[in-house]
């Protein structure tokens, strides 16, 4: 899935890649701060472990984005000197991992609301750590196998049965994760805003809902474009290439937006000066706001 097509070196290629680099640099700083604070400055709990790994996935995805776009711009200036390597497989690992983290966050939060007694009493202590480790391993395995059999969007082996099976399995995984994300998020919304036993809105709910919403608006188009190009065989002409560039910019915006969401939710309605640690801590707060509310982490089980 190379970003270049014959004769495509023009302002339409230059501007999107500059946007990717700019938003990517902002996102790298934001996700690095989130990773540092959650990894070394704050006590970890069930949901902060997922947020930490999501920040790592966003950081790696943006890093690949920046390298890819920078090399493309250098090739734009010196087409005969610099070879543009393919980062598609590497980029898909954090993309799949990020989607998996979001699905896991939303699903676990849904379970804590729908089955609160089971969640508090029967949930294994290290569930978040085990889940995140499994997500990284499976994401890497899926991408390596897909690249081994045919490569992402590589039409060279498109009629090979192993390639078709690998692409089908990868697409099925993405669709499954998307369905899980949507259903669990919908269940959370129903419990928050509908029925007599609706839950009170907390900052943790707001953080999760905004993160999922931004992914659906900005991160999902990249996966949809990949799916259409693989299975429906859309013509990779000017129109499809423009959509592809737009999807790439949106994915960079998605990974860049997550730290902004955390700090926005954590600082909302608090005018006084606070450290980034306190703001991020408040964004993961799982208790309803009160006039005398103090900063506290989620009441979920703490994980080492």
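Glycine residues also receive a Cβ, built from the backbone N, Cα and C atoms like all the rest.
Small disclaimer: the values here were computed from a predicted structure and weren't measured.
According to Swiss-Prot, the topological domain 'Extracellular' annotation covers 1-17 (among others).
For the topological domain 'Cytoplasmic' (39-46), the number of residues in each DSSP class (helix H, G, I; strand E, B; coil) is 4 helix, 1 strand, 3 coil. Residues or ranges marked as topological domain 'Cytoplasmic' by Swiss-Prot: 39-46 (among others).
Per Swiss-Prot, the feature topological domain 'Extracellular' maps to 68-80 (among others); the stated evidence is sequence analysis.
What Swiss-Prot lists as topological domain 'Cytoplasmic' is 102-132 (among others). With a threshold of 8 Å between CB atoms, the same-chain residues lying at least 6 positions outside the topological domain 'Cytoplasmic' (102-132) that come near it are 46-47, 49-51, 53-54, 177-178, 180-181, 184-185, 187-188, 191, 199, 204-205, 208, 211-212, 215, 300-301, 303-304.
Summarising the annotation, Swiss-Prot assigns topological domain 'Extracellular' to 154-167 (among others) and lists sequence analysis as the type of evidence.
Long-range contacts of the topological domain 'Cytoplasmic' (189-211) within the same chain: residues 47, 54, 102, 105-106, 109, 113-114, 258, 261-262, 265-266, 268, 282-289, 298, each at least 6 residues beyond the stretch ends and with a Cβ under 8 Å from a Cβ of the stretch. Taken from Swiss-Prot, the feature topological domain 'Cytoplasmic' covers 189-211 (among others), and the record attributes it to sequence analysis.
Per Swiss-Prot, the feature topological domain 'Extracellular' maps to 233-244 (among others); the stated evidence is sequence analysis. On the 0 to 100 pLDDT scale, the topological domain 'Extracellular' (233-244) averages 68 in this prediction.
Taken from Swiss-Prot, the feature topological domain 'Cytoplasmic' covers 266-304 (among others), and the record attributes it to sequence analysis.
With a threshold of 8 Å between CB atoms, the same-chain residues lying at least 6 positions outside the transmembrane segment (18-38) that come near it are 44, 48, 51-52, 55-56, 58-59, 62-63, 65-66, 69-70, 73, 248-249, 252-253, 255-260, 262-263, 276-277, 280. The transmembrane segment annotation in Swiss-Prot covers 18-38 (among others) and rests on sequence analysis.
Per Swiss-Prot, the feature transmembrane segment maps to 47-67 (among others).
Annotation comment: Swiss-Prot describes 81-101 (among others) as transmembrane segment, evidence class sequence analysis.
Per Swiss-Prot, transmembrane segment is recorded for 133-153 (among others).
The transmembrane segment annotation in Swiss-Prot covers 168-188 (among others). Tertiary proximity for the transmembrane segment (168-188) is limited to same-chain residues at least six positions away from its ends with a CB under 8 Å from its CB atoms, namely 96, 99-100, 102-103, 106-107, 109-110, 113-114, 142, 146, 205, 208-209, 212, 215-216, 220, 223, 227, 230-231.
For 212-232 (among others), the entry in Swiss-Prot reads transmembrane segment.
Residues or ranges marked as transmembrane segment in Swiss-Prot: 245-265 (among others).
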